[in-house]
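Shown next, in structure tokens, is the structure this report addresses.
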């Protein structure tokens with residue numbers, strides 16, 4: 001269930017309306033050349049789209065250049081996009097759902113390939129490479145964690161230098177090469193230790209070392225590098241296919257998130273059933289080979305849409321404006337901020353007579369806030385009697401500083417989802433082994449592969465996601481007035497609350513399974529552990545989509561791809577934290593000479609996995625309480641002037657408030 005998320009940052013949108021239509025969750029969607037899946041997903045997305053925009057209006061170019069020193073130029077116009085030849089794109093020929101479908105094809109095939117490997121990797125590492133259970137669990141979590149942290153590299157390269165299409169194409173071939181090398185390594189006996197049954201004779205099995213281990217990890221991390229850099233750009237490039245300056249399309253952001261998550265569920269379902277079945281019955285070498293073939297089909301899908309894409313050109317390093325703020329603030333650290341924020345460089349210098357500030361009147365500018373006042377020193381103009389021009393590393397605009405403040409303010413929200421993904425890691429590792437110790441027989445001749453347990457929530461979500469979008473969102477929209485039904489922060493909070501019960505269910509079921517096996521010598525059916533997967537699937541639909549939508553709404557110009565990559569880092573840190581917790585728990589619980597650690601044995605009947613699950617349940621609930629605090633802190637937006645805010649194009653209130661209050665779109669009850 002693991003690579004979730006998703007799918008999830010559209011690249012370099014200049015405003016909220018330019019970036020809000022076609023994003024994801026779709027890091028994994030099952031589409032394009034897959035016959036039955038293509039029909040299902042396309043029909044759902046086309047129905048939810050209502051009407052394809054054919055005659056998008058061409059807006060006149062309006063350049064708003066600030067004549068103040070050191071302030072960056074802001075050009076407000078329809079987003080400039082080009083076709084594959086570098087010529088201006090034609091809205092009647094380029095972009096739209098037709099072009100996005102080819103990107104969704106890559107998303108679907110990529111998740112099938114990577115999920116089939118990642119979700120059954122622990123079985124291969126134990127049975128073929130002969131690593132211990134705890135070491136194997138750490139290998140898997142480190143692998144998945146690396147995929148998501150490398151999403152930052154993919155987002156940075158795309159936004160700054162390569163663009164979405166070329167980033168996907170280059171690193172897609174890197175990922176494909178990794179799958180091929182894994183297949184070769186799994187097929188050749190010379191590249192593996194001698195065969196041995198780890199369940200019956202684990203003590204006599206020889207662990208893979210030296211060159212064999214080197215080949216395995218090189219192949220594995222080629223896959224991680226390729227997948228990590230491809231993921232955020234699939235979302236970004238799909239979003240680029242839509243003209244976000246049209247209000248009708250800007251309302252489709254949440255709809256696209258849900259539709260893409262539906263597609264993601266289909267992709268995961270195929271991976272966790274068909275591809276895992278191939279791995280289990282035909283061997284991991286064939287399974288890895290099928291993953292390579294599926295990834296190749298995804299790249300074919302991507303290239304097939306070349307003639308239809310709208311492409312956005314990279315615009316240089318996205319870190320430079322951020323670094324300029326910190327450098328300028330440091331050099332002016334001894335200066336005193338003026339009492340009147342209107343004296344700051346590039347500040348809103350006038351308020352309309354009606355007392356309302358409409359951010360849409362100048363979407364390039366953000367309103368000054370009182371948070372992180374030390375950064376405001378970067379906006380102080382030096383008055384020394386000399387008409388001296390300060391460069392961008394000495395003087396920044398208020399908008400530039402406010403963007404950095406927004407990024408810093410969003411970090412606690414991001415951090416609160418790390419524990420959520422630590423729980424996700426358990427469903428890909430220990431829960432798979434938990435299923436291996438249970439009765440997997442469905443019929444006399446068919447046994448359920450334990451890794452396929454993770455397909456259960458996706459089967460349910462295939463029905464839940466359309467119902468959520470069709471019934472819940474319109475109903476909630478009438479009550480809240482929010483275009484997504486509920487705000488992203490509320491959606492994240494609901495998911496963090498429900499995930500605690502996933503671990504409660506896992507702990508109860510593991511205790512029951514262990515007692516039956518040890519005391520009564522009975523093996524429970526594998527279906528006893530399905531509730532933990534179902535609950536987590538529901539919570540993940542809420543949290544993953546909410547996190548992507550939350551970051552995508554931030555007013556950070558030109559960083560949408562990188563921001564979505566940041567959401568993947570939550571998965572990365574969650575999986576790394578899982579590895580740390582496993583090692584720490586083993587060390588603490590085996591401190592005495594008579595007691596072994598909760599997870600120190602390869603036999604779950606001797607381990608205390610149920611206690612580990614209870615610990616995670618408590619940790620998850622404490623994390624939810626922590627999230628409530630930070631969500632309220634983020635929603636509280638003290639501003640410089642006591643006037644009433646009008647909601648602008650960003651869907652979030654970044655204007656003036658007449659009193660300290662929760663921001664309308666992001667308030668938490």
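A Cβ is built for glycine as well, from the same backbone N, Cα and C atoms used for every other residue.
Ranges compared are 60-81, 192-213, 214-235, and TrEMBL records transmembrane segment for 214-235. Range annotated as transmembrane segment by TrEMBL, chosen from 120-138, 139-157, 310-328: 139-157. TrEMBL assigns the feature region 'Disordered' to one of the listed ranges (622-645, 646-669), namely 646-669. Long-range contacts of the transmembrane segment (164-184) within the same chain, counting only residues at least 6 positions beyond its ends with a Cβ under 8 Å from a Cβ of the stretch, are 11, 106, 110, 113-114, 117, 154, 157-158, 191, 215-216, 218-230, 233-234, 236-237, 240, 285-286, 288-289, 291-292, 295-296, 298-299, 302-303, 306, 309, 311-312, 561. Only pairs six or more apart in sequence are counted, and the transmembrane segment (561-585) with the transmembrane segment (256-278) gives fewer than three Cβ pairs under 8 Å, not enough to call it a contact.
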